[in-house]
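Chemist: Here it is, the structure in full.
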């Protein structure tokens, strides 16, 4: 039996025993990481540099991209390095950093997704009050509240987790230091406090999810009143993927935290962790920009400037599309009201 702080390192999950599969994991995660880095990096650059995108919707999107980059950068580099060099250890300090940073960034992201749902609700259902309810100061306060709530959430969980007494070794059945996995190594009753905190956190997440669902119900009711079928299609084609990503994030995170030990298995834990830690950062840039003509044009201008500066090859502008997509952001208030 030993206190967690007396352990010098943990052993992360090895994805495979054969060298070929380890390299496959490395290249797969590298591709996901680079896609997330490129997509979110382009959104951050476009929103920050284009004053036309200095609106509440894009302000929240910029924050989402920063959180996505932070969360995937917390877990992937170490996991890829372990696969590349056929090792498993992670230092105590590295594990503690993951225990703090990953819950911080993921919880802040979910609170931010709740704000984005509110933004779309006000934009579509209360367009005349949009500038009043979502002014620049209000948006800054709401974003700060999301980041601050995530920080407090992570501080509480990290402080409690790092006091555990461990009596089941230091090997984790996960590719990063996940709090539920550390709970399985604990033999002290202090883990019951963490279980209670996880349950309270799950209730908070569920409350936010209910708010998001109710917001989308109102959004869809408003969309159905749009006389143009094309307008309805554009709104649904954008809002439904948003809701799908939120549902994936919530369901997999709750399964990871609340699943009973009787149904737990390394394979299930791995699949669930990949779904909530790898998929959202990689697909969010596509979902939030694929039908947003304004953002695509800004990204194209950014790529053009980088190409002229010699940073990118001349054919890289194709990444932004051909600029002829007739649909813009399906949940853009002004567009839907005009229709």
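Yeah, the Cβs are placed from backbone N, Cα and C, and that goes for glycine too.
Below are the features listed in TrEMBL for this protein:
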type     : residues : note
DOMAIN   : 39-288   : domain 'G-protein coupled receptors family 1 profile'
REGION   : 317-339  : region 'Disordered'
TRANSMEM : 26-49    : transmembrane segment
TRANSMEM : 90-113   : transmembrane segment
TRANSMEM : 134-156  : transmembrane segment
TRANSMEM : 195-214  : transmembrane segment
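Just tell me what is around each of these and how deep it sits.
Modeler: Summarising model confidence by region, the domain 'G-protein coupled receptors family 1 profile' (39-288) averages a pLDDT of 86.
Residues 58-59, 61-62, 65-66, 68-69, 72-73, 76-77, 79-80, 83-84, 278, 281-282, 284-286, 288-289, 295, 298-299, 301-303, 319-320 of the same chain, all 6+ positions outside the transmembrane segment (26-49), place their C-beta atoms under 8 angstroms from a C-beta of that stretch.
Sequence-distant contacts of the transmembrane segment (134-156) (same chain, at least 6 residues past either end, Cβ-Cβ under 8 Å): 56, 59-60, 63, 100-101, 103-109, 111-112, 114-115, 119, 122-123, 197, 201.
Below 8 angstroms of C-beta separation, residues 107, 110-111, 113-114, 117-118, 153, 156-157, 160, 179-180, 183, 243, 246-247, 250, 253-254, 257-258 of the same chain, each at least six residues beyond the ends of the transmembrane segment (195-214), sit close to that stretch.
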Chemist: For the transmembrane segment (90-113), what are the same-chain contacts with Cβ under 8 Å, counting residues 6+ beyond its ends?
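Modeler: Contacts with the transmembrane segment (90-113): 4-5, 7-12, 60, 63-64, 67-68, 70-71, 74-75, 78, 82, 143, 145-147, 149-151, 153-155, 157-158, 161-162, 176-179, 182, 201, 205, 208, 212, 246, 249-250, 253, 276-277, 280.
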